[in-house]
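Structure record follows, encoded as structure tokens.
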Amino acid sequence: MQDRTLAGKANSAARECDALIRLDRISKSYGASEILKDIALHVGKGEFVSILGPSGSGKSTLFNIISGLVPADEGTVHVNGQIGYMQQKDLLLPWKTVLDNIVLALDLKGQDKKASRAKAEALIDRIGLRGYERKYPSELSGGMKQRASFLRTFLASGEIMLLDEPFGALDSITKSNMQTWLLEMQKALGITILFITHDIEEAILLSDRIYVLSSRPGVLKEELEVGFNRENKRERLVNPELLIMKEAIKGLL
Amino acid sequence: MNKSKRMDQRLYPIATLLLAIVLWQMVVTLGGIPLYILPSPLDTVNALISDFGTIAGHVGMTLYESIIGFTLSILLAFVLGVMMDSFPIVKKSLYPILIVSQTIPTIALTPLFIVWFDFGLLPKVLIIIMVCFFPICISLVDGFEKVDKDYLNLFRTYKASKLQTFIHLKLPYALVNFFSGLKIAATYMIMAAIIGEWQGGTKGIGVYMVRAKNAYALDKVFGAILVIVIISVAFIYVINMIAKKTTHWK
């Protein structure tokens, strides 16, 4: 186990030069309570990287820092490209149709309405919402809402997506379908994903690399490379290595 | 909700009301109560029919005052609500005063309005604004404030301007609240107009009521009350319809 981790570290160091996101010595406190301490991480182009940690480990604060909503107390943030931030809540506007919600960011930027709607229409099949374009969010299921929210985030950003526990509120069957779907989407659209979760299995299933965060203050405990079944991540679910890795991570937390 | 349940909801209050009216009629008829003490439901309806032309003229005036006052209340509430939302200092300065100002008894002020502004349209409109402005404005401001922080952050990450955030997020978000304030204001609207008319004036359903009362024609007073109730209910119904259309996602 230890060997694999070390090998993974060496690998990722080589890729570090073309990183789309790089954080260096990030610290953040709210008053007297230290939320994040000395966080350094990087995400390369096309990578799927997860940040795994218990609740209260400052994962969301980290995302707020990366997306520029909150300034860090110390350290540097480098982002090379446009970032889209998707949260656990779908945050669809209930008074807008699904299609109008998806193109919201483009509309706000003042882009041509017809062109942005055509862009969204072209991708609507991929998120399985064909026929729902003119419906309102209240008429969609939880998984459909998250997919609509995903497409909105993708259209707003392009290549880098921060996903903050996007499947946290879904039932386990929907969640499993959504994980498969997300992997397909990443392949098809060639996006870079930084993913927050507190679900160890989810992190192992989806990621190329995992950063394990401890809680209060959030400190990086370990960086792990998920080396098995890289080509078909779904198969990881039946690979015993998943269980070994899961136990190893449990030991860290 | 299914149909029979909705029928139930209407049936019970209507049956209760009918029962009360029958009881009222029996008490007046069997007890031999004279008209100048308590008119019966039949007397009331008769008075309404026989005096309909006169009442309609007065009601027209009251409606005119009410609609002007109500429209101005909405405009004023919007202007002040948006100001309070955009500039925290305006809200900090005005919000507590607005709340406390509601403890001022409007009825006590109306005679002064007549002294200051004469018997015409102006004092009536002012009284309506005093009564109707508050619930609309407060519900609007509270609605703006209730906007989910995560939505605001979303708009920030999209780099939306203040105006865009207002049009696409805050205003629709506050609309549900706004309509509930509007309904409260509508229930007070006619009443406020009548309070104004009681203090003096030449036309209006309130003036008609004072005259009828002075002549001990209580059947006409009750007829006027019936008209006021019907108009107020109709107003709330219209607002409900508009609210359903505009906030269809609810």
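For all residues, glycine too, the Cβ spot is worked out from N, Cα and C.
TrEMBL lists B:59-243 with the feature domain 'ABC transmembrane type-1'.
Residues or ranges marked as transmembrane segment in TrEMBL: B:12-38 (among others). Within the chain, the transmembrane segment (B:12-38) has long-range Cβ neighbours (under 8 A, six or more residues past its boundaries) at 216-219.
Under 8 Å from some Cβ of the transmembrane segment (B:58-82) lie the Cβ atoms of residues 94, 121, 124-129, 132-133, 136-137, 140-141, 144, 166, 181-182, 185-186, 189-190, 192-194, 196-197, 203-208, 224, 227, 231, all in the same chain and six or more residues away from its ends. Annotated transmembrane segment per TrEMBL: B:58-82 (among others), in sequence order.
The transmembrane segment annotation in TrEMBL covers B:94-115 (among others).
Under the heading transmembrane segment, TrEMBL lists B:121-141 (among others). Packing against the transmembrane segment (B:121-141) from elsewhere in the chain are residues 65-66, 68-70, 72-74, 76-78, 80-81, 84-85, 91, 95, 98-99, 101-102, 106, 109-110, 113-114, 174, 177-178, 180-182, 184-186, 188-189, 191-193, 195-197, 199, 201, 204: each is 6 or more residues past its ends and has a CB under 8 Å from a CB in it.
Per TrEMBL, transmembrane segment is recorded for B:171-195 (among others). Long-range contacts of the transmembrane segment (B:171-195) within its own chain (CB-CB distance under 8 A, at least 6 residues past either end) are made by residues 62, 65-66, 69-70, 73-74, 77, 106-107, 110, 124, 127-128, 130-133, 135-140, 142-144, 146-148, 151, 204-206, 209, 228, 231-232, 235-236, 239-240, 242-243, 246-247, 250.
Look at TrEMBL and you will find B:221-243 (among others) tagged as transmembrane segment.
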